[in-house]
Amino acid sequence: MFRVSPYPHIRDEVTTRRIMFIVIASLMPAFAGSIFFFGIKVLVLTAISVASSLICEVLCQIIRKKPITVSDGSAVVTGILLAFNLPPNVPYFVPAVGAFFAIVVGKQVFGGLGYNIFNPALVGRAFLMASWPSFMTGRWAVPRIGTMSGIIPGLSSLDVVSSATPLTAAKVYSGVPGLISLLNDKSTLLSLFVGTRGGCLGETSCLLLLAGGIILLIFKIIDYRIPLSYFVTVFSLTGILWFLGVTPLTPIFHILSGGLFLGAFFMATDYTTSPITKEGRWIFAIGCGVITVVIRLWGGYPEGVSYSILLMNAGTPLINRFTRPRIFGH
């Protein structure tokens, strides 16, 4: 009797190269916006992350006596996504170390592309968060236009939140009078959508990430079920909690803040680490949404997108097992 294994999903080199090229192209709007908002250092950090990913990939394949496959573009995608998860002012060694951990531990240890259990870029980010939390949570930069918190200049004199990102401001300074109403203000929400607020260098502009996500959907690189279910879960759950008075922040704020757009379109949809069945993808994304909200509202960190995806990555084989199609006649 044949058994369906959850991986590897990517076998054809030409197909893989095409997929990765389209993913890279879809990341370019957000990349260009990041350079505009945060300056040329974004280009340097991304270049270091990509170069380190490529070097680690080649060295691992040489050591393992495997064919060199860096031309498939997967290491480039990992490098870009890792860079997108970094604050703009981290030291230059941070993306290099993160790329090493992402490629070696997050990917090659499991056997390479198609065999890894966890999203490599998020593995690298998690390692950096554990190793240098001060770098990963305190090296923010004010965008070229806009403010760190997303609250427009002149709207408020709340200096206490002038150096806080939107989610950090909401979590740490929620008791400051008037802050919540400002974060829920239409002008602030517009800043979050456009990208004129602080955050990791590739996550701030929902508009540009949405443009990239639409490219992936048009070319059928990703399945709509994961991002749609992720967004709907976060919106619905935070909407209910907002209505009940558990959280003062509107569901629109939760959708537009943090790394939800980056995670929903570009990381939760990773072929290897997400379910292969349609039903499984709904379950996977709902789990991501629930965990994201739980961490945001009750966890120790302001943001929960990365950890929610990693936790659901661990459950992907089990989801595949229980949602695989029935064999005809059984």
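Keep in mind that glycine also has a Cβ here, set from the backbone N, Cα and C atoms.
Per TrEMBL, the features are:
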TRANSMEM  20-38  transmembrane segment
TRANSMEM  92-110  transmembrane segment
TRANSMEM  122-142  transmembrane segment
MOD_RES   THR165  FMN phosphoryl threonine
TRANSMEM  201-219  transmembrane segment
TRANSMEM  226-245  transmembrane segment
TRANSMEM  251-269  transmembrane segment
TRANSMEM  281-299  transmembrane segment
Completion exercise
Comparing 20-38, 92-110, 201-219, 226-245, 251-269 for Cβ pairs under 8 Å with the transmembrane segment (281-299), the winner is 226-245
Problem - Set of same-chain residues at least 6 away whose C-beta sits under 8 angstroms from THR165 (FMN phosphoryl threonine) - result: TRP140, MET148, SER149, ARG197, GLY198, GLY199, PRO302
Handout entry: DSSP three-state assignment for the residue listed as 'FMN phosphoryl threonine'
Key = coil
